[in-house]
Amino acid sequence: MHRLIDVHAHLYPPNFAGAELSAVLERARAVGVRGIVTVPEMVEECEEVLCWPNLGLHPVQKEIISGSAVRNDVARLQDQIAGVATTRERAARLSDVPPAVEFIQKHKEKLIAVGEVRLDFTPHVIHPGHTASQVWELKKDYAKKETVEAREFEVKEEQKEVFRRVVRCAMDADLPVNCHSRSAGKYTIEILGEELNVPPHRAILHAFDGSNALATVSLGYFLSVPPSVVRSPQNQTLNEPSEIMISLEEVVKRKGVAKEEVEVMMLENTGKVFRDLDTKWLARTNS
C-alpha cells in the first residue's frame, strides 16, 4: 500500500463539505494517501479546515461589491451566494494581516505550516473588475497609462509587504511556509531567500517551473508536483488528493526510477518540511 501525503489541498466548504468531503477522503484512502495538508486562503476558512491544518493569508481576497452578507455567513451555502451577495477578487491588503497573524500565534501549537501564502500579480487581481485585455487597453491609452501603472506598483508593493509580514510570523512561530505564486515567482524567491533568509527545508512551493524552480531548489526549498503536470483524462473542475497518483506516476516516468523509490523520497521530503507533522497530528487526535 502506498504511503503518500498531499501537501497542498483545499478541502473545506463550499467546494467540499459533508458527504462529498467524506467521499473525497475515501477515494484518497483507497489509493494510499496517508495524510492531507489542508491549505486555507482566508481567515474565515480556517475554522473549517480538516486534516493537518495550515493557516495563511492568500494574496487574493474576496470583497462584496453588492448585497450585504459577509463571506463567512455564506461559506457553507454556495448555491445561495449569488442571491445574497456578489463578490470579486482583490489583492490582499495590510489590513488583512492582523487577524491572520493573531490566528497563527493563537494556534501555532496545532499548525504544521503557514499557508497558503504567495504573491499574485495577475491583472484581474491587481486591477479588480478588469480582465487582462482590458488592462492592456488602458495602458495603450497614453492619458491613462501613468495612473494605471502607478496603481499597479502600489498594489504589488503592498502585496509584497503582506507576504513579508506573514512569512516573518511563520518564522517566529518556527513553522514552514506553503507558497503558491502567480506571475510573481521571481519576487517570491527574492523575498524568501534574499530578504528574509528563510532556511532550507522551511518552504514548499507549489506549481513553480522554469528558472524560478531552479532558484527554489538552489535555496534548499521543495517543489510540489500537482496533477496538472499532465493532462488528466478525468473531466472534472476540482482537483482532489486521490489524484496524487497522477503526479507520482509522472515523476516515475520522467525520472526513470521505481515507483517505490519515488514514494519513499516523497515521504522523506515531506518529513523534512513538516518536521513535527506526526507529533502534532497525534496530539490533536488524542485530545
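Easy rule for this one: first residue shown is 1, then count along the chain.
Heads up, the Cβ atoms here are built off N, Cα and C, so glycines get one too.
Annotation comment: TrEMBL describes His8, His10, Glu116 as divalent metal cation 1 binding site. Annotated divalent metal cation 2 binding site per TrEMBL: His180, His206, in sequence order.
With respect to Cβ neighbours within 10 Å, the binding-site residues His8, His10, Glu116, His206 differ, and His10 shows the lowest count. The distance from the Cα of His206 (divalent metal cation 2 binding site) to the Cα of Glu116 (divalent metal cation 1 binding site) comes to 10 Å. Cβ-based neighbour count (10 Å, all protein chains) for His180 (divalent metal cation 2 binding site) stands at 24.
Counting in whole angstrom, His10 (divalent metal cation 1 binding site) lies 13 from His180 (divalent metal cation 2 binding site) by their C-alpha atoms. When the Cα atoms are compared, His180 (divalent metal cation 2 binding site) and His8 (divalent metal cation 1 binding site) turn out to be 9 Å apart.
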